[in-house]
Amino acid sequence: MSKTRIAFIGAGNMAASLIGGLRAQGVDAAQIRASDPGAETRARVHAEHGIQLFEHNAEAIEGADVVVIAVKPQAMKAVCEALKPSLKPEQLVVSIAAGITCASMHNWLGAQPLVRCMPNTPALLRQGVSGLYATAQVSPAQRSAAEQLLSAVGIALWVDSEAQLDAVTAVSGSGPAYFFLLIEAMTAAGEKLGLSRDTASRLTLQTALGAAHMAVSSDVDAGELRRRVTSPNGTTEAAITSFQAGGFEALVEQALGAAAHRSAEMAEQLGK
Ligand SMILES: NC(=O)c1ccc[n+]([C@@H]2O[C@H](COP(=O)([O-])OP(=O)(O)OC[C@H]3O[C@@H](n4cnc5c(N)ncnc54)[C@H](OP(=O)(O)O)[C@@H]3O)[C@@H](O)[C@H]2O)c1
């Protein structure tokens, strides 16, 4: 990233978070430009990150090595078609729009080197994880630039087929909401067992955080960690047996399958 020039099309939440991550990694403000139709957004992002902002997208991409398109999926077609005449063949386009396929992007942009990413919401706190897919036109140096870009807001992992991005969407893209659901359910159950809402909530949240830290830092997998804390005939075993009797694993598989299916379905609709 030492000399890479990056342009962001759209300076909303995800773009601002990536810009903040890049700046925190020492990328110079002069290497980053962005465009956004909102005068207030432009003023805010300039004040926070010191980068230059433009009203018109074509101005922002002048001289950029990497063009990150960070607008809502519904705006992608119009934005890409309008950018096409200004793009240079060597400019890497990175799309973070959920559900927009490389085939759609190529239809709208031409045969531009393209990396399609699926980040998730914790990227806003630089705690995200993204799946990345590169088309054949992307050079090793461009792959590396895209990986470093997404690493500014968390972990970046490559997948080797675009279809796997539907699975990434099902696991990590929608994943934060599954943990929120579990947090909600555990908090409500704690209240039913006689705790105050505040105590049940704080116990649940710190347990989620502690368990995630343990799982991330451990050299054994989550299954082994669970077995280690599940004594025969103990309280944890009583809860796990109850979860499994209710078909917990099958339910999770079914839920993620539904998310992946919906991701593929939405890509088809958004690509029209
Ligand atoms: N937020 C997440 O956690 C998350 C996670 C995964 C993927 N993503 C993807 O990231 C992308 C951006 O999401 P976001 O949450 O950052 O959305 P956002 O906050 O709404 O940002 C989009 C920005 O693009 C601007 N914009 C609209 N039309 C434009 C145009 N023609 N040219 C340039 N800029 C334009 C918008 O301005 P106006 O508001 O004035 O329209 C807005 O400031 C989406 O495609 C989304 O699928 C986001």
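Along the chain as shown, residues are numbered 1 onward.
Using N, Cα and C of the backbone, Cβ positions are placed for all residues, glycine too.
The following features are taken from TrEMBL:
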- I9, G10, A11, G12, N13, M14, A70, V71, K72, P73: NADP(+) binding site (BINDING)
- N57: NADPH binding site (BINDING)
- 5-99: domain 'Pyrroline-5-carboxylate reductase catalytic N-terminal' (DOMAIN)
- 162-266: domain 'Pyrroline-5-carboxylate reductase dimerisation' (DOMAIN)
N57 (NADPH binding site) CB neighbourhood, other CB atoms within 10 A: 23
Pairwise Cα distance for I9 (NADP(+) binding site)/the residue listed as 'NADPH binding site' [Å, integer]: 6
Residue distribution over DSSP helix, strand and coil in the domain 'Pyrroline-5-carboxylate reductase catalytic N-terminal' (5-99): 44 helix, 19 strand, 32 coil
Per-state residue totals over the domain 'Pyrroline-5-carboxylate reductase dimerisation' (162-266) - DSSP helix, strand, coil: 86 helix, 0 strand, 19 coil
Inter-residue C-alpha distance, A70 (NADP(+) binding site) and N57 (NADPH binding site) (nearest angstrom): 12
Distance from the residue listed as 'NADPH binding site' back to N13 (NADP(+) binding site), taken between C-alpha atoms, in Å: 17
All-chain count of other Cβ atoms within 10 Å of K72 (NADP(+) binding site): 11
Inter-residue Cα distance where the pair is K72 (NADP(+) binding site) and the residue listed as 'NADPH binding site', in Å: 15
Cβ-based isolation winner (fewest other Cβ atoms within 10 Å) among the binding-site residues I9, A11, A70: A70
